[in-house]
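For Arg64, Gln82, Arg87, the entry in TrEMBL reads substrate binding site. Residues annotated as active site in TrEMBL: His165, Glu269.
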Amino acid sequence: MEKPSVRLCQGVNGLEKFVLREIRGSSAEVYLYGGQVTSWKNDLGEELLFLSNKATFSPPKAVRGGISVCFPQVGTHGALEQHGFARNRMWSIDPAPPPFPPNSTNRTYVDLILNLSEEDPKIWPHSCECRLRVTLGPGGDLLLTSRIRNTNADGKTFSFTLAYHTYFRVTDISEVRVEGLETLDYTDNLLEKERFTEQGDAITFESEVDRVYLGTPTKIAIIDHERKRTFVLRKDGLPDAVVWNPWDKKAKAMADFGDDEYKHMLCVEAAAVEKQITLKAGEEWKGRLELSAVPSSYCSGQLDPQRIFEG
């Protein structure tokens with residue numbers, strides 16, 4: 001049995017990354033570039049996140065896969081570049097991170113803070129602190145916590161949207177279903193953001209999907225039937241959920257994505273998209289995402305949606 005550890009080392013193209021390991025053998029990797037989680041493995045060493053074989057670790061291009069932070073804009077919902085700038089800036093170790101709650105123990109974590117470039121105030125004229133804590137729990141759960149603080153000296157408010165752009169590794173997309181979003185309204189990005197109501201008892205996949213589900217519950221489940229594995233998302237402060245798979249035509253059009261890789265990935269993203277988050281000067285927003293991977297034989301009803309987050 002290993003000791004919990006956090007190690008800073010060189011990753012692809014010499015970019016620095018943190019490797020987090022837990023006592024039972026689970027692990028995660030987090031790059032300072034983009035503050036991006038690129039790997040999350042269970043105690044058997046099985047990779048749980050999708051990272052494209054064609055992903056380029058070449059700043060300023062975003063890394064295709066893992067979990068990136070979309071901030072201060074999600075998608076094309078605004079005037080900035082797609083998904084904002086946080087995912088293609090360098091982050092650094094946070095010198096003054098907030099403390100954990102006193103009942104949090106046995107956690108392996110790293111605290112990062114976003115470094116804005118000199119050009120960023122020209123495209124987004126605000127001062128802010130954007131913090132990210134990546135935590136690996138003793139059971140192998142992965143927890144991301146973001147804190148955004150308005151530090152404008154002129155007292156101005158600002159608004160933003162945010163998403164954890166999470167690529168899950170699945171065995172066969174045609175054998176995957178997403179539960180927890182049934183009966184909800186969604187906007188369809190393939191149909192000019194037209195609004196619909198989900199009619200199915202679960203979401204299944206047989207063509208391209210690009211939707212934003214609105215007012216979603218705190219818990220969403222992704223069931224990989226072929227692997228007999230269920231991913232469980234628990235979220236706080238992020239009312240929406242983006243569901244995306246590019247399918248075959250769009251996959252072939254992306255230079256950093258393999259032609260057939262759409263079969264083995266699914267993005268389900270905890271997000272705040274429909275309604276912008278607005279902060280007055282000095283105010284702070286906090287959002288959290290917790291990911292678990294459990295055998296599908298485990299009754300999803302036992303996963304308490306009211307479970308209290310820590311950290």
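For all residues, glycine too, the Cβ spot is worked out from N, Cα and C.
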His165 (active site) and Arg64 (substrate binding site), Cα-Cα, nearest whole angstrom:
10
May I ask which residues of the same chain, at least 6 positions away in sequence, place their Cβ under 8 angstroms from the Cβ of Glu269 (active site)?
Cys70, Ala163, Tyr164, His165, Thr166, Ala241, Val242, Val243, Trp244
For a quick check of packing: other C-beta atoms within 10 Å of the C-beta of Arg87 (substrate binding site), how many?
21
Setting Arg64, Gln82, Arg87 aside, what same-chain residues sit with their Cβ within 8 Å of the center of the Cβ atoms that define the substrate site, listed in sequence order?
Ala62, Val63, Ser68, Cys70, His83, Asn88, His165
